Each structure stands twice: as C-alpha cells, then as structure tokens.
Amino acid sequence: MQDLDVRLQQLAHKRRSLPEHAEIESLTKDLTQLRDLLVAAQTEEGDCAREQTKAEQDVDQVRQRAARDQQRLDSGAVTSPKDLENLQREIASLAKRQGDLEDVVLEVMERRESAQERVTELTGRVASVQSKIDDATARRDTAFEQLDGEAAAVTKEREVIAGSVPADLLKLYDKLRGQQGGIGAAKLYQRTCQGCRQELAITELNEVRSAAPNTVVRCENCRRILVRTAESGI
C-alpha cells in the first residue's frame with residue numbers, strides 16, 4: 001500500500017509540475033499586456049477618428065463661407081471699393097485658413113492610419129498568443145486526463161488493499177504517513193530502515209528478528225512501520 005501511496009504522491013506532484021502550467025502563466029501575462037496595448041491603440045484610433053471628423057467639418061465650414069464670399073464677389077452686388085477690398089481680404093484669409101485646416105486633416109489622418117496599423121498588428125499578436133494558450137491548455141488537459149485516470153486506478157487498488165488491513169494498523173499507518181512526509185511504512189533492507197536510512201542497532205535487530213511475522217515492528221529512529229522481507233538481513 002505504501003508503494004501505491006508513493007505513486008499517488010508522484011502523480012499529484014507531476015500534475016502540479018506540468019511544464020504547461022508555467023507556459024500558460026507566462027503566455028497569459030503576455031496576453032494581458034498585449035490586450036492593454038491593443039485597447040490603448042484602439043482608443044487612440046477612435047480619438048483620431050473623432051478629431052479627423054471635427055477637422056473635416058471645420059474645413060467644410062470655411063470652404064462654404066469662402067464659396068459664399070466668392071459668389072458675392074462674382075455677382076457684382078458689392079460695388080463699394082472699400083467693401084470689395086474687405087471681401088477680397090476675407091476670401092484670401094479664408095483660403096489660408098482652409099489650407100491650414102487641410103494640413104491638420106492630413107496630420108490627423110496620418111496619426112489615425114498609424115494607430116490603425118498598430119491595432120491590426122496587436123490584434124494579430126493577441127490572436128497568436130491566445131492560440132498558443134489554447135494549445136498549451138489542451139496539452140495540459142490531456143495530461144490531466146491521463147494522470148487523473150492513473151490516479152483513479154491506483155486509488156481503487158489502494159482501497160482494495162486497505163480493506164484487507166486491520167483497522168487499527170491502517171489508522172496507525174495513515175497517522176504516520178501524515179507525520180512523516182507521506183511515508184508511513186518503510187522496507188527494512190540489509191538491516192537499514194529505508195525511511196530514515198538509519199541502520200538498526202543490534203538490540204533493535206534482535207527484537208525485530210524475534211517478533212512474530214504478523215507483529216507490527218517500528219523503526220526506533222523515525223517510528224515508521226518496518227516492512228520485513230527476505231532482503232531485510234535479519
């Protein structure tokens with residue numbers, strides 16, 4: 001039964017130590033950072049889009065005003081030299097204003113295009129990392145299924161053996177296992193306890209040697225149950 005318990009511990013340790021755990025954790029951190037960058041890029045693109053719309057509206061307003069002034073000038077309705085001079089001056093000013101605003105539109109469009117490219121790039125990187133996470137998760141889950149299946153079989157086998165062990169001995173074994181790092185019983189091999197690796201003293205060996213086969217003997221040093229075999233050296 002001790003061998004089965006050791007195997008269960010090994011399976012549990014292997015389950016906790018799968019390389020996919022660290023891989024998923026690292027990739028998840030990368031994904032979080034990339035998503036933050038993507039949100040920032042999307043926000044910038046949205047801000048640029050609104051800024052571009054506003055700048056284009058400003059250009060349209062100036063263009064419409066300049067068109068009205070030009071229409072007045074071309075119609076001949078303005079005859080006063082002073083009014084004509086003022087109107088021409090305003091048309092020239094509006095033309096300069098329109099040029100400046102169109103430059104603003106171009107600058108905003110360039111920033112928006114850059115932000116859109118950044119969004120496209122980050123969207124691809126997010127998808128790539130997510131795909132890697134999905135792959136690692138699938139590999140981890142497959143390993144889980146295999147390990148859990150083996151653990152279930154070992155547990156079932158342990159239950160069968162435990163059913164044949166006297167209740168008081170099983171209770172003692174489980175207690176020692178909890179106190180001794182999962183090892184409640186250890187083989188006595190060549191007069192040495194395989195639990196604590198200490199060789200038994202002569203008097204202790206004599207006691208073990210004289211004990212009946214069904215008598216529970218324990219290591220004086222670590223107090224684990226000693227399992228006697230043909231290789232115990234007694």
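Each Cβ is built from the backbone N, Cα and C atoms, and glycine gets one as well.
Where the annotation comes from TrEMBL, it is an automatic prediction and has not been curated.
TrEMBL lists 1-181 with the feature domain 'CT398-like coiled coil hairpin'.
For the compositional bias 'Basic and acidic residues' (48-72), same-chain residues at least 6 beyond its ends with a Cβ under 8 Å from one of its own Cβ atoms are 78, 87, 90-91, 94-95, 97-98, 101-102, 104-105, 108-109, 111-112, 115. Look at TrEMBL and you will find 48-72 tagged as compositional bias 'Basic and acidic residues'.
According to TrEMBL, the feature region 'Disordered' maps to 48-84.
The coiled coil annotation in TrEMBL covers 84-132.
As a whole-number mean, the pLDDT of the domain 'C4-type zinc ribbon' (192-226) in this prediction is 93. The domain 'C4-type zinc ribbon' annotation in TrEMBL covers 192-226.
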